[in-house]
Amino acid sequence: MLVLMLVVATTFRLCPLVKARPLCRIRTLRTGKVFPVEEKIQGDRLYFSSGKTHLIKHPCKKNLALYLGRQIFLTKDTFESSLIPFSIPTSMQVGTPEVTSAHFAGSVLLLVVNQKVYVYDYEANFWTASTGIQHPVSHVSGDNCCYSGNSFCMDISNSVFAYLRGDQVSQANIYFSNSRGYRFQKYTQERRAELVGTFGGIFSFHSLSQVGLLLVDEQMAMFSYSDHPLNRSFGLPFDYDRALDILIAPGQKGILIFWSEKNLLVSRNSGQLVESVQVREGQRILYNSIVKANVTIHSVAANENELAVLTEENNLYYGSLGIQSSSLIKFADQNIWSQEAVLMFTDVGMLEILTPLRDVLFPAFDFQKCRLNIQALLMDPQLQAGVCKVELLQGEFENKMYTIDMNSQLELTALMIPRPGMLPVPLVSVSNPHSLGLQAVICEDGYTYDGNTKHRLNISLKQQHHWGRADPNFTSSIKRPTISTITLDIANKEISCVDLKPLTALISVGCDLEKKIVIQNELSACYHGVLDPVALQDNYSYIIEREAYDPNFQGQQAKKDLEVHYPYEKLGCPLLAYYDIPWKPVVELWREGKFQEVVEAEYVLLEMNGLFTYTYSLTASTAGCSAQPQNWTTITKMAGDTAPFSWDRENYISCHDPNYHEPLRWPDVPYQILGGQTENKVVFDQRNGIYIFFISIVDPSYSYCRLETTFSVYVYGAFPLSIFPPEITIVLLTAATLLSIWLAYMIPQLLHTEQGLEGNGFWVRLYQRCRKSCACLWGRC
């Protein structure tokens, strides 16, 4: 019996030892060390002011990262080699080399050192101080977009805020840069003077197309937003009993992570709703908040879909940043924490605990890495992670960027294959529902070789405004370009679905750069033989009379004639228009070389050489204007001489807009807008010649693009203007006709009188003398 008890006791003592297998494999990175050297670090060695360690990874350049602790390290190979502590040149004269904040902005690293911002170009190894900041700052914030080659994406990476945390929000000095931090300018926001509380930070929430100000008041915090419709209210308040570090998860999904030593919060909608992170064991909730776990958080790491937490109690927590909620599970306790340790995701489901190691013989630090395979760890039955219900989730739109212009629609498809017997529910969401609306339909789409059912998901996207299902107070302004991220995930997805990433795509609701307008030119002047295309290509030029043009576009006569070289390579052969028939061009919309539609939106024309020998068929009154319409004269005066062709969708206001209250003082002025709801046309003066027109689509509801082009028209059929006024010509012709009639009547009457006979004889004798004289001249007399 005693032997049996000893065996049982031994078994119970051995079980924990067997189950406590190491969480990770430890390896030490040591490179470039052969012979001992004296420590030589150029410049002032930087250090991080916080007692905690941080690691900032570049979201686009995965091998680039910055370690912030008692030493600072910048790596270009994810710490796969020994590194010398990061330093700043003494020539920068930073004083105390204390770093309070850092941010990767595209191809540069921004550091706040001793309350000033410095820019380090890590590719060129060049330091410079930012300009434009006149007050002390403590933090910089920004985001990065990884879709290279897109101008809209580049704007995201270039945008940076600099600020001092802790001032009253109404008096805080905030600076903004759109040049990756090289140049800053003072940032102003409407109604900021009305806000109450301490300033906790400012962030560009690109996935929501908003700028958010964090307000802290009496241990509670909330976000204030910059633009309609969120600028009329605040985000829901959340606990803020101590300063929280804010981490913006990569991917533009609006995920924010707030953490301190004792708290961890997550927002999936750019701060509108901030929630505590639950701690689970299987399907059971252990704690509704990590605060109740009574741990001290040391390091937090996140990628697009995952979250990891390391505590000073040697606890490692892992969770997914799901579409519905976020929760953590705790792995087995092991000796993995140290004061210098920090967490770092290297790939999906791959986590490393990084610790720098000082070398007494070399200035360069080595790095110890403890690598964890999350998927392998979750297979431990004690974790009760469950089985992933989905075998496959894929879509052609994953990690791509699309553009939706006004009146456009985008169709996306995805494929889901569940495990046999499982019925998972796919969820589609957008980060900015105020701008982008969606409609999703799921249907069966055949079977796999194993007999599993394939499900096809069809997603339709277009502006929320055009769906017609949302209240106008909910939708963002249709005139403002916005951005949104679409995410396809599985509802209540098990934490074991590590490799089953949500499918995301970035949607720019703005200008489609593939669009352009073309003027229809089926019946050109060359086609009808009016102009010779060979002559037009042979350095052709023409003269514009000084009475017909104004170089200042004000309708005043010029002082001299103008010779114009015709750019045939750009314009081709001109359109043909008869001067006496009201005319307007046929404008076509093309995209990627394909015809889309005939443009019916409002547009304006302006002759590029200043010709003013044309007008319009409608006036402000006959066009039905309720307000004084804009015209080229007023637009040009507002723009100045530097931008004569500046009438576009940004500054156009329709005279039919009920919100436009400019009084209609001059109802008889020409109405200079073509297209739209009117039948307005161009009326040419009695003048033949070439007109080169600039055309601009000004309708703000047609496209976010500045759709502009130039084209030429040849006006024909006009007779030359008479020297005398037509009234005088008519009077003279009438008088000559009446005189001819009177002479035709009077001459026969006079020939039968005595005076008439004498006159007739006079003319006969005169004729005979002239005849005789002419004969003598020819030598016949």
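One is the number of the first residue shown, and numbering goes on along the chain from there.
Glycine residues also receive a Cβ, built from the backbone N, Cα and C atoms like all the rest.
What Swiss-Prot records for 1-20 is signal peptide.
Annotated topological domain 'Extracellular' per Swiss-Prot: 21-725, in sequence order.
A coil conformation is recorded for Cys24 (disulfide bond) in the three-state DSSP classification, outside any helix or strand. Long-range Cβ contacts of Cys24 (disulfide bond) within its own chain (separation 6+, distance under 8 Å): Ile336, Glu352, Ile353, Cys370, Arg371, Leu372. Here Swiss-Prot flags Cys24-Cys370 (among others) as disulfide bond.
Annotated disulfide bond per Swiss-Prot: Cys60-Cys146 (among others), in sequence order, evidence recorded as similarity to another entry. For Cys146 (disulfide bond), the count of additional Cβ atoms within 10 Å of its Cβ stands at 19 [all protein chains shown].
Feature annotation from Swiss-Prot assigns disulfide bond to Cys145-Cys153 (among others); the stated evidence is similarity to another entry. In the three-state DSSP assignment, the secondary structure recorded for Cys145 (disulfide bond) is coil. Non-local contacts of Cys145 (disulfide bond) by the CB criterion (under 8 A, 6+ apart in sequence, same chain) comprise Cys60, Phe152, Cys153, Met154, Ile156, Ser157, His206, Gln252, Leu506.
Positions annotated as N-linked glycosylation site by Swiss-Prot: Asn231 (among others). When other Cβ atoms within 10 Å of the Cβ of Asn231 (N-linked glycosylation site) are tallied across all protein chains shown, the result is 15.
Swiss-Prot lists Asn294 (among others) with the feature N-linked glycosylation site. Within 10 Å of the C-beta atom of Asn294 (N-linked glycosylation site) sit 10 other C-beta atoms, taking all shown protein chains into account.
Here Swiss-Prot flags Cys388-Cys497 (among others) as disulfide bond, drawing on similarity to another entry. Every protein chain considered, the tally of other Cβ atoms within 10 Å of the Cβ of Cys497 (disulfide bond) stands at 24. In the three-state DSSP classification, Cys497 (disulfide bond) falls within coil.
What Swiss-Prot lists as N-linked glycosylation site is Asn458 (among others), and the listing cites sequence analysis. For Asn458 (N-linked glycosylation site), other Cβ atoms within 10 Å of its Cβ number 14.
Look at Swiss-Prot and you will find Asn473 (among others) tagged as N-linked glycosylation site, backed by sequence analysis. There are 9 other CB atoms within 10 A of the CB of Asn473 (N-linked glycosylation site), with all protein chains counted.
All chains included, 18 other C-beta atoms sit within 10 angstroms of the C-beta of Cys511 (disulfide bond). Cys511 (disulfide bond) carries neither a helix nor a strand DSSP state and counts as coil. Annotation comment: Swiss-Prot describes Cys511-Cys705 (among others) as disulfide bond.
Taking Cβ-Cβ distances under 8 Å and a sequence separation of 6 or more, the neighbours of Cys526 (disulfide bond) in its chain are Asp532, Pro533, Leu536, Cys573. In the three-state DSSP assignment, the secondary structure recorded for Cys526 (disulfide bond) is coil. Per Swiss-Prot, disulfide bond is recorded for Cys526-Cys573 (among others), and the stated evidence type is similarity to another entry.
DSSP assigns Asn539 (N-linked glycosylation site) to coil, not to a helix or a strand. Under 8 Å, Cβ to Cβ, and six or more positions away along its own chain, Asn539 (N-linked glycosylation site) finds His565. What Swiss-Prot lists as N-linked glycosylation site is Asn539 (among others), and the listing cites sequence analysis.
According to Swiss-Prot, the disulfide bond annotation covers Cys625-Cys655 (among others). The Cβ of Cys625 (disulfide bond) has 23 neighbouring Cβ atoms from other residues within 10 Å, across all protein chains displayed.
Around the Cβ of Asn631 (N-linked glycosylation site), a 10 Å sphere holds 18 further Cβ atoms from the protein chains shown. The N-linked glycosylation site annotation in Swiss-Prot covers Asn631 (among others) and is backed by sequence analysis.
What Swiss-Prot records for 726-749 is transmembrane segment.
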What Cα-Cα separation, expressed in whole Å, is found between Cys625 (disulfide bond) and Asn631 (N-linked glycosylation site)? 13
Whole-number Å distance between the CA of Asn458 (N-linked glycosylation site) and the CA of Asn473 (N-linked glycosylation site)? 28
Cα-nearest neighbour of Cys497 (disulfide bond) within the listed recorded positions, Cys146, Asn231, Asn294, Cys511, Asn631: Cys146
Between Asn631 (N-linked glycosylation site) and Cys655 (disulfide bond), the C-alpha gap once rounded to whole angstrom: 11
For the topological domain 'Cytoplasmic' (750-781), mean pLDDT (0 to 100): 66
Quick note, Cys705 (disulfide bond) and Asn231 (N-linked glycosylation site): C-alpha atoms separated, nearest Å, by 26
What's the CA-CA gap between Asn294 (N-linked glycosylation site) and Asn231 (N-linked glycosylation site) in angstrom, rounded? 37
Measuring CA to CA, name the entry from the recorded positions Asn231, Cys388, Cys511, Cys655 that ends up nearest Cys146 (disulfide bond). Cys511
Checking the recorded positions Cys388, Asn473, Cys511 against Cys655 (disulfide bond) with a 10 Å Cα-Cα cut-off, in sequence order, leaves none
My understanding is the cutoff is Cβ-Cβ under 8 Å with a sequence separation of 6 or more in the same chain; which residues meet that for Cys388 (disulfide bond)? Arg419, Lys493, Glu494, Ser496, Cys497, Leu500
